[in-house]
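Participant: Provided herewith is a single structure, encoded as structure tokens, for subsequent inquiry.
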Amino acid sequence: MSITVDVEFSGGLELIMKDKVRQATVSLPATADGKPTTVRQVILYVRDNLVADKPQLFSTENTVRPGVLVMINDSDWEVEGENDYQVQDKDKVLFISTMHGG
Amino acid sequence: MPRVCEICQGAKAILRRPKTGQSICKECFFRVFETEVHNTIVDNKLFRRGDRVGIGASGGKDSTVLAYVMKTLNERYDYGLDLFLLSVDEGISGYRDDSLETVKRNKEQYELPLLIVSYEQLYGWSMDAIVETVGRKNNCTFCGVFRRQALDRGALMLDLDHIVTGHNADDVAETILMNIFRGDIPRLGRCTEIATSGDGYITRSKPFKYAYEKEIVMYAYFRKLDYFSTECTYSPNAYRGYAREFLKDLEAVRPSAILDIIHSGEAMQVASEVKLPSQTSCERCGYISSNRVCKACVLLEGLERGVPQLGIGKSVKKTQDLLAGRTATRSGRAVDVVHFDKLRKHAQEMRHERCTGCTCDTSAPGT
């Protein structure tokens, strides 16, 4: 069983992705080691497969770098349980960098 | 099981506020965010009815949200302000030209008049041309010094009473840290103030001084505001980068860290025996300066003489003394920089034209 998750990048994060993609659909197993897949696995997948340049701008210590906002289905991930949120099929995860000048 | 808004207890929570830890819904978020900015404006008496207020607009997230919120609050609470968008075109291709396109769209979206002043037009040197001459190492010095003046020049061209900038709580906390680390006491004092009016110059303020960057980005996202986000092509600004990373790490552990740092900065007082540099006017361009020749004029002199190092590093003070009383070198690109007295006089004439049937005295010194 696998699930697909829609990932999107903005706030400048798209610029460090392969081909500067703003959006990608990733396929992940629904469970890992018998446990449901969490958004942390989505982050690690993005870091290992989609980031082309300067991975430290996206991720540090096996999660997003402080200053990157994560929206899960249009909600702040801090309301949804952060790294431990269990991703569902067709979820949309948006990463927004806040580290750029205004 | 979705979490319910801790304010209205009705709608689904979509955001956790870094300031309070509350999880709240979209409508409550809009309301509290806007109300807090309104309270900042009212509590600090930032504006007077009839003020002409320029919004320093870069096309980035902070200034785009600021323009939207200023327009909204001005209408909702009837501040009676005349709002303008004021942008500086540093002349950085692939960066500022794109972000200015965003500002031009904002002009239409928010129906606000827009003035763009460019380094090229004001000084004869675009940042692209400066970088070509000085390289990528010290170009941020030029950009920073020229930008501050450019905004003041633009403000006088529009005869503004006030400039608001999009600096948010994170920016202020970052600047406090940097000024402490550098031991820059005069700047430490100034950077914590919500409004500065530099000796008769146009007042500047930061209505977002207490607004978290996270909330500004979220606000732009939920309101679907059109903003531009790319790093400046030339920006290494490594020092600020470290301060920013440090601050973000602190915030991750303890979200109140940002407001705590601002609070600390505000509470610090400069001992009365510390001598702060006194301010005078630049003898070349009339801009406020702590020396007879201001930093912008020294930098321009360096560019014109082909010795761009002139205004950088420890030698600046010496150079400023050396240039005092001498006429500016104009060999290459530089235009004759318009004197601030002339700009002020023009602003005053505009003011006089706007008021019909008044008896204001045009011979009085400018405001």
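Cβ coordinates come from backbone N, Cα and C, glycine included.
TrEMBL does not curate its annotations; it predicts them automatically.
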Participant: Of the residues B:Val32, B:Val88, B:Val131, B:Val134, only one is listed by TrEMBL in the ATP site with B:Gly56, B:Ala57, B:Ser58, B:Asp62, B:Gly166, B:Asp171. Which is it?
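Facilitator: It is B:Val88, as the record lists it for that site.
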Participant: Using Cβ atoms and a cut-off of under 8 Å, determine which of the binding-site residues B:Gly56, B:Ala57, B:Ser58, B:Asp62, B:Gly166 neighbour chain A, and list them by sequence position, or give 'none'.
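Facilitator: The answer, in sequence order, is B:Ser58, B:Asp62, B:Gly166.
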Participant: Among the binding-site residues B:Ala57, B:Val88, which residue has the largest number of other Cβ atoms within 10 Å of its own Cβ?
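Facilitator: Result of the Cβ crowding comparison: B:Ala57.
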Participant: Non-local Cβ contacts of B:Gly166 (ATP binding site) (under 8 Å, 6 or more apart, same chain)?
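Facilitator: Once residues fewer than 6 apart are set aside, B:Gly166 (ATP binding site) is near B:Gly56, B:Ser58, B:Gly60, B:Lys61, B:Asp62, B:Ser63, B:Thr64, B:Val65, B:Leu66, B:Lys206, B:Phe208, B:Ile216.
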Participant: Would you say which of the binding-site residues B:Asp62, B:Asp171 has the most Cβ atoms within 10 Å of its own Cβ?
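Facilitator: Highest number of other Cβ atoms within 10 Å: B:Asp62.
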